[in-house]
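After the structure tokens below, expect a handful of questions from me.
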């Protein structure tokens, strides 16, 4: 049922034609978008070439179910946007996928390798790196040192090897050259000897992304890369994210700005109250009633009177009774939100 | 005037003596823990005590050679570091602080207790373990030397020579380590562990290596203290020394290779110099008896050290060697 369909040639061509943002550069190959074009817009749909597969992952904090994802696949080489209202479980899902948190149940894998029992650094060594919602620049290290930390397989990081500089000096020189290249790309090369703590918020976001790239990742998970960044810098960050896709990396990012999501995502996953409530290409999302309800509440025009609220609650309960399963839960979260403004 | 010169000489001797080396090595270890890695070890003196008693017990109770005693002391410090680190290094920094302060106090009381007395001699002190060390002295250990106006006996000079050599080696080791990629990982851990984890570094292993290394350096300090005093009593390893070492570290500048060395020299100089300078002033009536008496001096000098530290933190929070820009970043 869930189409393992190959991308149709015509679709691939039109996909490439749609997004030409750099006239001089070769037309971006939005292979993932083309590959995903024919998939049905339903939750848990199988992707032609999944890099990450999540199965039955749940995480509860006391009585609160923060994440409960039945099945989710992330297409390799594409940009997958993860959106949802505050508290939807996006960051928790990130933490679970990267080993920073342990789920109560479930399995998840990267390239067919289970990530279930791995510590964060082991996940990173497999090529899945992440950034953080609250930027983690290493303040009292210089920008260049921040970058060098990102390089993998450094011989000089062993205790005894570190005492013999000849063992690691050549590697260090190579890493420094690579770091300078990346810094140049991210326009931070002039700052290389400044403490990272003196950078502005936006520059720290750039540094964190550049640092993650030092590890030659296969999957980059960006937690709100654009939050608190001015519009001009947002454009440049967006350009960098698109470049990652061009280089064949899989990008998963959390974002609240729908324009950004529409602009760069090949596929969008919407979470609410810990569940995936919708997924599909970006243009499908704004038409999805469940998404609109999750974001705005089912009734969002005017403050409710007590009588109206009772009526809405009754309707919602009736709806829940009517539609069982995942849809019921969506409405539940919708009714929960109605109470918020008061 | 001669009294002033005598006070200078006495301060100089204290600044180079075994107690300065003891505090200095504690602080060099803490610099590794706290200065570079951000590990809050409030029980550094416990490592020193194990180092000292390692020699003492091995030589006097188990009849082992002096060299083996050193290995016993260092081994005990490694074991303590592992025991403290295994449960706490996966947790937030505070847990290590609690575990170490409790271990330091607990171990001291255990070594003093009746149960441990057959091994440690408890409150009666353990002595007669440093013969193997004195035998190695290239000069006559009973001869008296005059250095910078102060009188040193040959044994003290031997302890100080060996002690400062160890300090120099530990500083060299620190310098080699912190300028390498290993040092970069360790300093990054101080800034933000999670960021380091997300970049594929084994934070736990690095923290454990640092804890063991700093503990071993502290144990060396404890050995110098034991050799300097020539006797071992658990009460010579009060946890106040840990905090004195922190004062030294902050005075000299944390996360600087020579910070703890300069800090220890200055602190010990001030404590001894004020003592030696104030006594004659009181005895000659320059300072009236009603203002200050001789027995007060012993306490007053630490008050002066406290005032000095406060002034330092106000006017030079980075310490003597620190980088002001670096320290100011913390305020954000």
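Placed from the backbone N, Cα and C atoms, the Cβ positions cover glycine too.
What you see is a predicted model, and the numbers here were worked out from it, not measured in a lab.
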Please find, within the list B:240-258, B:259-277, B:278-296, the residue stretch that TrEMBL describes as transmembrane segment.
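Of the candidate stretches, TrEMBL labels B:240-258 as transmembrane segment.
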Which one of these stretches, B:135-156, B:157-178, shows up in TrEMBL as transmembrane segment?
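That would be B:157-178, per the transmembrane segment entry in TrEMBL.
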State, in range form, which of B:39-60, B:210-228, B:297-315 has the highest count of Cβ pairs under 8 Å to the transmembrane segment (B:157-178).
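Out of the listed stretches, B:210-228 contacts the transmembrane segment (B:157-178) most.
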Any contact between the transmembrane segment (B:210-228) and the transmembrane segment (B:39-60)? By contact I mean 3+ C-beta pairs closer than 8 Å, pairs at least 6 apart along the chain.
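The transmembrane segment (B:39-60) and the transmembrane segment (B:210-228): touching, yes.
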Count the CB pairs under 8 A between the transmembrane segment (B:66-86) and each of B:39-60, B:240-258, B:297-315, then give me the winner.
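The stretch with the most contacts is B:39-60.
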Residues sitting near the transmembrane segment (B:297-315): Cβ under 8 Å, six or more positions beyond its termini, same chain?
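Distant contacts of the transmembrane segment (B:297-315): 247, 250-251, 267, 270-271, 274-275, 278-279, 282.
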